[in-house]
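For reference, the structure discussed in these notes is given below.
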Amino acid sequence: MRPSAISADVLFEEFRSSLRWEWVAGLGASERRFDEMAVRSARSGADLVGYLNYIHPYRLQVLGEREIAYLSNATPQDCQRRVARIVTLEPPVLVLADGQTAPEALLSMCERAHIPMFSTREQSAFVIDVLRAYLAKHFADRTTMHGVFMDILGMGVLITGESGLGKSELGLELVTRGNGLVADDAVDLYRINQTTIEGKCPELLQNLLEVRGIGLLDIRAIFGETAVRRKMRLKLIVHLVRKETMEREYERLPAEPLTQDVLGVPVRKVVIQVVAGRNIAVLVEAAVRNAILQLRGIDTYQEFVQRHRRAMERGDTF
């Protein structure tokens, strides 16, 4: 799922301070938006912004020093024709960067065609980088999953499982062990590129953890600023199951690593059985450490299989 296209006035207000831009033309087109077909067909929101280019319609066009020179340094007829061609691109917004002054023909065209134009003294490359990062996030595929999302040993870990298995209590214990809370109960997940999922907490639930019998806890107020995180990249899913589910649906030693599809991206997954007396927090941290080793190319299970094969070839007995 992707959100609806963003309007010119929302984009302007979002970066009014950071890009220090002014609205210099097309003031009556504040509701102008990105083309919906262009948004759906774009591989990423980053594809929706770039330097002035006549073969890429429907995207936010940035005009720096070279682009303004191209529009200005020609015969009056050629300059008029080059400016007029911009209308055929149907840009949602034009951004004048590098402290350039817009040619009168460009200003007039924006007013006639109802195209918003912003002006900033920031470098054009910087403007493009900022807008690409913002649009990539804004138009990213997204979903919401139930669970506790945490920073455990520097890795983004989503703890999932049936209701009543103690996910929030586990999250609280992990916080006391020096880890950080991102979100409890509802986790907003975004695919920010082809291989990366980023998660954060809905604003309404920020810093909150619900523990049955106690109620809502403000983790930031109780444990301090370092006990919470604003966002993390999802690298591991820890799924809690009951004993009967573990015995019925999962192998004790799976031959291949488990993964779960999240927004089209396979995410590593481990399954932990919840029974009385087990220290689940220690098991979760051990699973995270093992996942870190696997990311570094160290697979304990495969090393054991190779060790076992060599022993069999030597004829060793066990």
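Backbone N, Cα and C atoms are what each Cβ position is placed from, and that goes for glycine too.
Note that the structure is a prediction, hence the values are computed from the model and not measured.
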Among ranges 69-74, 237-242, 273-278, whichever one Swiss-Prot labels region 'Important for the catalytic mechanism of dephosphorylation': 273-278
ATP site, defined by GLY161, GLU162, SER163, GLY164, LEU165, GLY166, LYS167, SER168: further same-chain residues with Cβ within 8 Å of the Cβ centre: LEU240, VAL274
Using Cα positions only, nearest of the recorded positions to HIS146 (active site) (GLU162, GLY164, LYS167, ASP185): ASP185
In the chain carrying GLY164 (ATP binding site), residues 6 or more apart in sequence that have Cβ under 8 angstroms from it: none
Fewest other C-beta atoms within 10 angstroms, as judged across GLY161, GLY166, which are the binding-site residues: GLY166
Listed in sequence order, residues with CB under 8 A of GLU210 (Mg(2+) binding site) and six or more positions away: SER168, ASP184, ASP185, LEU216, LEU217
Most Cβ neighbours inside 10 Å, all chains, among the recorded positions GLU162, ASP185: ASP185
Candidate recorded positions GLY161, LEU165, LYS167, pick with smallest Cα gap to ARG252 (active site): GLY161
